[in-house]
Each structure stands twice: as structure tokens, then as C-alpha cells.
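Listed in TrEMBL for this protein:
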BINDING   B:R225, B:250-251, B:264-268, B:281-288, B:N302  FAD binding site
DOMAIN    B:24-205  domain 'Electron transfer flavoprotein alpha/beta-subunit N-terminal'
REGION    B:179-198  region 'Disordered'
Amino acid sequence: MALRALVGVKRVIDYAVKIRVKPDKTGVVTDGVKHSMNPFCEIAVEEAVRLKEKKIVSEIIVVSCGPQQCQETIRTALAMGADRGIHVDVSGKDYESLGPFQVSKILAALAKKENVNLVLLGKQAIDDDCNQTGQMTAAVLDWPQGTFASEVKVEGEKLKVVREIDGGLETISIKLPAVVTADLRLNEPRYATLPNIMKAKKKKIETVKPEDLGITLTSRVQILSVEEPPQRQAGLKVETTEDLVTKLKEVGRI
Amino acid sequence: MLRIVSARSLSRGATSLLQRFQSTLVIAEHDNEKLIPITLNAISAAKRLGGEVSCLVAGTNCSKVAGELSKVQGVAKIFVAQHEAYKGFLPEELTPLILATQKQFNFTHICAGASAFGKGLLPRVAAKLDVAPVSDIIEIKSSDTFVRTIYAGNALCTVKCDEPVKVFSVRGTSFEAAPVSGGNASSQEAPPPSPAGLSEWVEQNLTKSDRPELTSAKVVVSGGRGLKSGENFKLLYDLADLLNAAVGASRAAVDAGFVPNDMQIGQTGKIVAPELYIAVGISGAIQHLAGMKDSKTIVAINKDPEAPIFQVADFGLVADLFKAIPEMVDILKKK
């Protein structure tokens with residue numbers, strides 16, 4: 001059976017950037033800061049493309065929720081091999097309060113509308129560090145979930161998913177349609193080549209509003225403040241291993 | 001319109017009432033043999049909320065764990081759900097059970113430890129309750145206000161959650177473990193299961209080790225790319241054995257195949273806060289620091305004096321680890 005895949009991608013501050021908290025404690029500085037695709041989303045896109053190359057997936061629809069700039073993130077996914085994009089336009093106040101709760105409803109609505117049978121997401125976004133959207137999307141759809149996947153195999157009407165759990169690995173078998181969230185070790189995402197970036201410009205990105213999907217973006221979770229974490233005090237350099245052991249004994253750690 | 005207003009003021013009145021009658025359900029994590037320690041940290045967090053604390057134990061074999069839990073200080077009630085359907089603790093099967101329990105007892109809060117188990121399960125429960133969950137909290141300010149970290153621990157975010165039911169996961173290292181004696185909880189059967197049949201547990205491959213468990217160890221020795229090979233990790237195991245420490249790793253060490261990925265410490269791996277953290281051959285990337293910078297004492301051993309790890313280390317030794325670690329082992333053996 002050929003699967004139709006929906007892949008969610010998020011535009012976040014680049015993972016290598018040292019973030020700065022705004023002086024008014026309302027959030028972190030995002031203006032003029034380098035953004036890119038959330039690393040876990042890249043892995044989800046790569047997995048979808050590999051499944052397409054194996055002729056298991058017939059079409060990859062990539063979706064991102066947020067302001068206009070999300071289209072660049074969608075283009076990146078298109079350059080990696082996704083077929084078409086959907087930009088769910090959310091901006092201003094709605095974007096500030098946009099979280100997994102809202103995104104999961106949007107993704108579930110799109111999964112139904114586009115008649116997909118596999119939703120692939122990253123296990124977490126490196127900005128909010130929530131690790132919720134995939135699980136919540138699966139719940140809204142009443143589909144099974146294969147979270148923290150490090151291996152995905154299609155076996156007939158089922159997916160065999162190897163999951164990264166605390167003590168090691170776990171294998172589960174889930175019925176399709178299903179939601180899978182990618183862990184770091186699922187694959188190594190490819191770089192988009194220049195010809196593919198050019199080709200991606202011709203691929204279609206459809207823009208929709210949450211209202212078009214019948215979703216109202218209310219939030220009952222409010223951010224009261226965003227602050228710097230306590231800074232550690234500058235430490236001491238020791239000269240020899242012996243000094244190190246002595247110091248650790250002095251402070252009672254060994 | 002009028003009706004909406006009155007309903008709102010009513011619910012506001014109800015909120016203040018609820019604060020006096022809070023009740024929290026902690027989803028116990030266990031392996032059918034024993035309780036997983038993070039559950040005890042979640043119980044402590046639940047106690048902070050002030051109301052009654054109940055625990056739900058679901059699995060294929062619950063009696064031992066329920067017995068253990070009944071002695072944990074601060075637990076008033078235990079709900080036991082023993083059934084083959086709970087094999088592998090699949091969220092598709094546990095969610096309907098939690099919803100049925102919630103329907104019967106109307107908890108104001110539902111929580112679990114922020115482990116792979118809790119992270120996989122709670123958002124599914126929250127979505128079914130149509131509420132937004134709060135992940136990996138490090139502090140409880142009041143019954144509806146929580147602190148959590150964002151951006152790999154580089155910012156603290158205080159959130160107010162106005163959901164009718166607060167669903168949250170608890171960072172184990174931020175709350176003390178509840179004492180495992182002195183409690184006297186009553187036990188009752190949970191609502192019967194309604195198997196969903198969407199998923200099936202196949203097998204598990206756990207990394208076996210005699211060393212303490214990483215997230216609760218008092219001392220952690222951790223290796224990075226600087227170790228150069230999996231064999232060289234033996235140096236760290238030798239040191240760890242002398243210190244009764246757990247051994248962790250950076251992502252670089254995991255990706256290079258030196259050690260299995262369940263040893264990874266960081267934003268996407270495990271979060272540890274031991275009394276002593278010894279980082280060996282680890283540069284100290286943002287993503288690694290996210291997993292260990294709340295350790296009480298941090299030691300860095302690295303030959304690069306510019307390595308960012310030295311900015312968070314209490315004690316830094318600029319040296320070749322292949323010389324320093326065996327030296328340290330020798331010194332410790334002598335004492």
C-alpha cells in the first residue's frame with residue numbers, strides 16, 4: 001500500500017545560536033537572529049523522502065504553522081524532496097501563543113483533509129522543548145503513535161518502530177494510519193543540492209488560515225515571564241590530577 | 001452573553017474552591033517488578049500542590065509495585081489496573097484507563113516523571129482531555145503556575161495554566177524523592193480496561209549495567225569525542241567503578257558509536273543533576289550543557305583550554321585525558 005505522508009516542520013532559532021533573553025522578560029530575542037529548520041524536523045523530512053525513494057510513500061506534503069518566513073522552511077523541505085507544501089498562516093498574537101495544543105489540532109485537521117495515513121514529526125522543537133505535538137496529534141486523530149523513533153519499517157498495514165527509551169531500545173508494532181516522531185538517530189538528513197533548491201522553487205505552497213480548517217486558536221496557557229537561568233560562578237583551574245583529587249576531597253565530593 | 005459572563009464568574013469562584021480541594025493523580029512508572037525512581041520525584045512535586053495525592057499503577061503485574069507505593073510518604077490512594085492490555089505500557093492502552101479514572105475522580109492535576117514513558121504518555125492524555133500540557137517542570141509556584149526551561153535550558157519560562165485539569169511532567173532532578181517509608185495508602189481497583197488494539201509491544205533491548213542508573217546517580221563520569229573509541233571508554237568505567245558513578249556520554253560519543261544512545265546526556269538525551277559531574281573529553285556544546293549544568297560540582301578534563309565546558313566547570317584540568325584519567329584512578333586506588 002502506498003502511503004501518503006504529512007510532515008510537520010518548524011522554523012526555530014538555529015541550534016548553534018546562543019540565545020538572549022529580552023530585558024522585559026517577555027521572551028527571547030528573535031529579530032535579526034539566524035533561524036533554520038528544527039533539526040528533528042529535518043530528520044522527519046529525510047525519513048519521508050527515504051520512504052518515497054523506497055516507493056512506500058507516494059506523496060509527501062510538508063506543513064508549517066507560523067508567519068510568512070515559515071515558507072522558507074517549507075522550501076527547504078521541498079528541496080530535500082517533499083512534493084508540495086502547506087503554510088498555515090499564523091501571525092501576531094496568535095503566533096506568540098501558538099503551541100503544541102493548537103498545532104496538533106491543525107495537523108490533525110490537515111491529515112484528514114489531505115487523506116494521509118502517516119504523519120511524521122520531530123520528537124521535539126529545540127526552542128520550546130515541549131515534546132508534545134506528535135503525541136497530541138495522534139490523540140486528536142485517535143491514531144497510534146511511534147514516538148522517539150530510531151528505525152521505521154513498513155510491514156503491510158502496520159509500522160514496526162524501534163523507539164529510544166530510557167534503558168535502551170524498544171520495538172513496537174502500530175497499525176496504520178499512524179503518527180511517528182523522529183529521534184536523532186533515525187537518519188542523517190541530506191543536504192539540498194543547488195539543482196534541487198531550484199526545482200523546489202517551482203513546487204507549490206498553498207497558504208491556508210487556521211479558520212479555513214475550522215480551528216480557533218485560543219490558548220489557556222500564558223507565559224508570565226522568560227528569564228535568564230542562574231549563572232554558575234567561575235571555577236578554578238587546577239594544575240595536576242593530584243590537585244584535582246585533593247580539591248574534590250576538600251569539598252566533600254569524593 | 002449574560003450567560004457567558006455568569007459562567008465565567010462561576011468558574012472563577014470554583015477555582016478558589018478547587019485550590020482548597022486539589023487532588024493530584026501521579027501515573028506510576030514501573031517495570032512490573034519495581035517502581036522507577038522518577039515516580040518518587042513526581043510524588044514530591046504532587047505533594048507541593050497541597051491536595052490529596054493518588055497514584056495509578058497499571059501493568060501486567062502490579063502487586064509488588066502497589067505494595068511499594070503504599071508505603072511511600074504522602075500517597076493517600078492507589079489505583080491498581082492489572083491486565084494483559086497494559087503489556088509494554090503502551091500509551092494507546094493507558095490513555096483510556098487514565099481518562100476513565102479521571103472521569104470517576106475528577107483530579108485537578110495529572111502528572112508523571114518527564115522520562116521517555118511520561119513524555120510519550122501525558123501529551124496524549126492531555127489532548128484527549130482537550131487541555132494543553134506543561135512539559136518537564138522544574139518548579140511549582142502555585143497550583144496553576146509552573147517554571148520550565150526552554151531553549152536547551154538557556155531560559156526559564158514561568159507559565160500560568162488556566163486549564164480545568166493541569167497535565168504536566170516533572171523533571172526528576174528538580175524535586176527530592178519522596179521517602180519510601182512511613183506511608184499508609186489505601187488501594188483500590190481502577191476502572192476496567194477497554195483495549196484499544198492500535199499498537200502492540202514487540203520487544204525490548206535494554207542496556208545491561210551494574211553501575212547506578214544515570215539519572216539518579218550521585219556521581220556521573222561522562223565521555224565525549226575526545227575518548228576517540230569505544231574501547232577507550234574502559235578508562236571511564238574504571239574511574240566510575242572507584243567512585244560508584246554512572247557513566248554518561250555526549251552526543252558526539254554516541255554518534256561515533258563509542259557507546260549506546262541511552263547513555264547520552266543533553267537536551268535530547270537524559271537530564272542529570274548529580275553531586276559530582278566529571279566531563280572528560282567533552283567540549284561543552286549548548287545541547288550537552290542542557291543536560292548537566294544543574295550538577296552540584298562540575299569537573300572538566302580537557303586538553304583544549306578554550307573548550308566552553310571550562311566556563312561552567314567548578315574545577316578544570318587542562319590535560320590529556322589519556323594521562324589524567326589513569327592518574328586519577330591510581331590516586332583513588334591508593335587512598
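Start at 1 and count along the chain as shown; that gives each residue its number.
A Cβ is built for glycine as well, from the same backbone N, Cα and C atoms used for every other residue.
Where the annotation comes from TrEMBL, it is an automatic prediction and has not been curated.
Locations of recorded TrEMBL features on the structure.
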residue	record	Cβ contacts under 8 Å, 6 or more apart
B:R225	FAD binding site	B:S250, B:A252, B:A253, B:A256, B:G281, B:I282, B:S283
B:Q264	FAD binding site	B:G248, B:A249, B:S250, B:R251, B:V254, B:K270, B:G291
B:Q267	FAD binding site	B:A152, B:G153, B:I286, B:Q287, B:H288, B:A290, B:G291
B:A285	FAD binding site	B:S250, B:R251, B:P308
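Taken residue by residue, the region 'Disordered' (B:179-198) breaks down under DSSP into 0 helix, 4 strand, 16 coil. Listed binding-site residues (B:R225, B:I282, B:H288) with a CB under 8 Å from any chain A CB: none. Confidence for the domain 'Electron transfer flavoprotein alpha/beta-subunit N-terminal' (B:24-205), expressed as mean pLDDT, is 97.
Its Cβ placed at the centre, B:I282 (FAD binding site) has 31 other Cβ atoms within 10 Å.
Packing around B:H288 (FAD binding site) is summarised by its Cβ count: 27 other Cβ atoms lie within 10 angstroms of its Cβ, all protein chains included.
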